[in-house]
Amino acid sequence: MFLEKINQKTGEREWVVAEEDYDMAQELARSRFGDMILDFDRNDKFLAGLKTTIAEKKHENTDGKVHVLDIGTGTGLLSLMAAREGADKVTALEVFKPMGDCARHITSNSPWSDKITVISERSTDVSQIGGSRADIIVAEVFDTELIGEGALRTFKEALERLAKPGCRVVPSTGNVYIVPVESHLLKMFNDIPRLNGEKDEEPLGRCSGTAAVFDVQLSEMKTHEFRELSEPIVAFKFDFEHEEKIIFDESFVREAVAHSSGTIDALLMWWDIDMDRNGTTFIDMGPKWKNKNNYAWRDHWMQAVYYLPEKKKVEMNQTFEIVCNHDEFSLWFSNVGKDKSRSYCVCGLHSMLSRQTVYHVNEMFENQKFKDEVDKLSKGLHVATVGEGSFLGLLAAKTAKRVTIIDGNERFRDIFFKYIHYYKLTNVEIIEKVTSLTDSPDIVLAEPFYMSAMNPWNHLRFLYDVEVLKMMHGDELRVEPHMGVLKAIPEKFEDLQNIASDVGTVNGFDLSFFDEISTKARTATDAIVDEQSLWEYAGIVKGDAVEILRFPIDGRVSSQKCVVNIDNMSSSNAIPMWMEWEFGGINLSTGLLSISSAGVPEWNKGYKQGVYFPITALRNDKSLCLHALFDKSTGDINFQFGKSEDS
């Protein structure tokens with residue numbers, strides 16, 4: 001079996017051969033299904049929908065028998081619900097084999113084992129289900145965009161091939177809502193970075209960006225960070241119960257009235273689903289500030305942000321229109337009178353960078369403290385900058401005598417050439433490799449930033465570039481940052497820990513076998529450290545930041561290890577980790593920026609942070625012992641957590 005892995009020394013993607021006994025359960029553990037299973041609002045609403053429709057069908061069918069088809073059964077939870085609510089036969093489909101095996105074990109050890117059959121196939125590949133068609137289809141095949149996991153085809157083909165006439169579907173219908181907003185914050189995740197911050201700058205020409213969804217926990221956006229310009233607009237209405245009404249490609253012009261003047265910088269999106277068509281049982285994805293009475297946190301579905309191809313100004317009380325489009329798998333929105341087809345990036349920036357990285361570059365261009373330090377370090381000097389996709393060299397050009405940008409990514413070099421031409425930066429050159437820098441620079445600068453990095457410490461690739469440069473140009477070559485520090489802090493999240501929590505008994509069903517295989521997989525490997533945008537998740541820090549490893553940027557890369565205790569864990573449920581860099585006279589943090597008097601952390605929105613969730617055996621300890629090993633040969637950091645002697 002082959003697995004893709006990123007070489008942390010070079011940034012290259014490599015294929016490695018897994019051991020013959022590689023356990024796919026490890027993939028199951030890393031997939032973090034726990035949050036979905038522990039979504040009690042979801043579970044209760046599906047249960048209510050099943051209860052209603054099973055009762056209706058039992059009354060309606062002459063023999064009083066009901067066959068339920070569960071598509072994408074996961075642990076088998078919805079199948080168990082259907083059987084307990086009186087379904088006479090349940091056929092459960094699950095294409096992901098480790099999950100299907102898990103469901104088969106759980107259902108076969110339940111009181112309803114004689115009613116439930118688990119089939120490890122995709123619903124669109126199945127031609128018959130146990131000799132009789134379904135009276136009810138239940139499926140949780142949704143994502144942030146509602147239809148992104150193929151819900152439309154799943155329901156349409158199942159109704160056509162696997163269901164009886166009049167088959168009920170749980171859920172029955174769905175609505176998608178959009179709200180146009182003005183927001184400087186959300187602009188930063190999409191706007192092409194402008195070196196001087198002027199609105200009329202177009203260093204990469206005009207580009208509408210990409211129509212791709214930007215999924216985000218909108219509940220953690222502060223209300224002062226955006227301004228709603230109208231009431232929510234119903235963009236789409238989906239009927240999942242009637243195959244003839246399920247259409248893959250549609251376009252609608254929706255009207256709204258502006259309740260204040262402003263510019264539509266972004267569209268906020270969420271959806272709801274009616275579980276039984278009775279209009280009383282909904283799963284509502286509205287964010288917390290819009291849905292105070294019915295809000296339920298979840299991470300397996302989120303809200304989303306979309307951007308119009310062109311920003312649109314509206315005046316108070318003006319009626320305006322937005323074109324709402326969808327195909328089989330995705331949604332997009334466009335301006336009236338313009339091409340309604342999906343917009344694509346033509347500048348190269350949006351197609352290469354994540355929304356988070358676009359924000360990072362825009363934030364860097366706005367960070368006056370950082371720009372002042374770059375100006376001071378660069379003044380009158382030959383500056384070399386290293387990284388992959390780092391815009392630092394463009395900032396250094398303001399005061400430097402000469403700037404050499406070293407970037408191995410050809411597409412980024414093309415983008416930088418466009419910036420150089422647009423801003424007439426005659427003192428900037430670009431080369432591909434650190435070994436091509438033949439003239440000794442006065443100083444080497446880096447953020448450090450490498451686009452291929454998955455977490456903050458993957459930017460330690462910078463150490464290897466500096467090692468080569470110092471071998472070529474001497475140990476006296478000045479480098480900033482001159483120190484990197486890996487840090488950690490205990491935190492109690494309100495909800496994020498659910499993605500790694502044990503599920504145990506859910507709605508009266510024993511799902512502990514899922515915990516057994518997940519825990520076994522997690523403990524058999526290095527500690528699983530997730531990458532998360534922590535600004536999207538509410539929590540309170542419960543102690544001081546702890547230094548784990550220090551990395552002097554002196555040109556000598558060496559393996560190192562440490563053992564450190566993380567205290568106050570009995571009141572915490574996670575350990576966030578991040579890198580800080582000592583850059584000249586300032587500190588650059590990829591993670592924690594500040595802590596309020598109430599203990600609320602502010603996290604850097606331009607990076608993902610690492611976060612470790614203690615396994616069950618460690619969750620009640622007052623202190624955890626962290627063993628961290630930086631391996632020079634691979635550029636990786638391996639983490640192991642265990643009981644502290646102080647616990």
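Cβ atoms are placed via backbone N, Cα and C, with glycine included.
Sequence annotations record features per position, and here Swiss-Prot assigns active site to E140, E149 based on similarity to another entry. Annotation source Swiss-Prot lists domain 'SAM-dependent MTase PRMT-type 1' at 12-332. The domain 'SAM-dependent MTase PRMT-type 2' annotation in Swiss-Prot covers 337-647.
In this view, the densest Cβ surroundings among the active-site residues E140, E149 belong to E140, judged by other Cβ atoms lying within 10 Å. Taking the Cα atom of each, E140 (active site) and E149 (active site) are about 10 angstrom apart.
In this model, the domain 'SAM-dependent MTase PRMT-type 2' (337-647) carries an average pLDDT of 94.
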